[in-house]
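Enquirer: Before we start, here is the structure in question, set down as structure tokens.
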Amino acid sequence: MFVSFSEILLSHLCVLSSLISNLLGVQRLEENYCRNPDNDEKGPWCYTTDPATRFDYCNIPECEVECMHCSGENYHGVVATTVSGLECQRWDSQQPHSHGYLPENFPEKDLKMNYCRNPDGEPRPWCFTTSPTKRWEFCNIPRCIPAPGRQCLSGRGEDYRGTISVTESGNTCQRWSSQLPHRHARTPENYPCK
């Protein structure tokens, strides 16, 4: 049997792609683990082995909030001092600086207490200060070290790579490669990088 050069190359590319994906922690629909292949706003889920319950969400513990990714727009930690050491003003206070970033106007921004946040897309989290002479300043939030897939929930859980396989209501997850008891198209073959 003759094997063409392109078939050999394709075979090697598939193996290489798989190795790179594993090293980078690309989320895969493996086993019966909870995942979020469709970026569902409620987080990781799975098809269940209960014929009466097609799918259910999973209770994944949230990640620590000690560092930030990218510009820190999803940072939910408790740092409350600026880079120069000034104490942050409470978000629900208008003293000493009046502002429009009130928690009730931006509930999705988690403007709690006087914690550093990035509600407006700045390069990193910041806060209004308690100093009458300095309106606002950036905060010194450490950057998270990228991990090859998380074992905890961050955001919507799109990069969750843990092994929880039981839903919030106690149902065992159906294997992603299985079509019983629920038929679906979200198979490892159809979603190789999810």
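In case you wondered, yes, glycine gets a Cβ from its N, Cα and C as well.
Reproduced below are the annotations present in TrEMBL:
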DISULFID  CYS67-CYS144  disulfide bond
DISULFID  CYS88-CYS127  disulfide bond
DISULFID  CYS116-CYS139  disulfide bond
DOMAIN    29-63  domain 'Kringle'
DOMAIN    66-144  domain 'Kringle'
DOMAIN    151-194  domain 'Kringle'
SIGNAL    1-25  signal peptide
Enquirer: Among CYS67, CYS88, CYS127, CYS144, these being the disulfide-bonded residues, pick the one whose CA is nearest to that of CYS116 (disulfide bond).
Expert: CYS127
Enquirer: Which one is it: of the disulfide-bonded residues CYS88, CYS127, CYS139, whose Cα lies the shortest distance from the Cα of CYS67 (disulfide bond)?
Expert: CYS139
Enquirer: Do me a favour and check the Cα-Cα span between CYS139 (disulfide bond) and CYS127 (disulfide bond); whole Å is fine.
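Expert: If we compare the Cα positions of CYS139 (disulfide bond) and CYS127 (disulfide bond), the gap is 7 Å.
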Enquirer: Give the sequence-ordered list of residues that share a chain with CYS88 (disulfide bond), lie 6 or more positions from it, and have CB atoms under 8 Å from its CB.
Expert: ALA80, THR81, THR82, ASN114, TYR115, CYS116, CYS127, PHE128, THR129, THR130, CYS139
Enquirer: Across the domain 'Kringle' (29-63), what is the average pLDDT of the model, as a whole number?
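Expert: 90, rounded to a whole number.
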Enquirer: Going by a 10 angstroms cut-off between Cβ atoms, which of the disulfide-bonded residues CYS67, CYS116, CYS127, CYS139 has the sparsest surroundings?
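Expert: Among the disulfide-bonded residues CYS67, CYS116, CYS127, CYS139, the lowest count of other Cβ atoms within 10 Å belongs to CYS67.
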Enquirer: Run through the Cβ atoms and count how many others sit within 10 Å of the one on CYS144 (disulfide bond).
Expert: 16
Enquirer: How does the domain 'Kringle' (29-63) divide up by DSSP, counting helix, then strand, then coil residues?
Expert: 0 helix, 9 strand, 26 coil
Enquirer: Residue counts in helix (H, G, I), strand (E, B) and coil for the domain 'Kringle' (66-144), per DSSP?
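Expert: With helix first, then strand, then coil, the domain 'Kringle' (66-144) has 3 helix, 15 strand, 61 coil.
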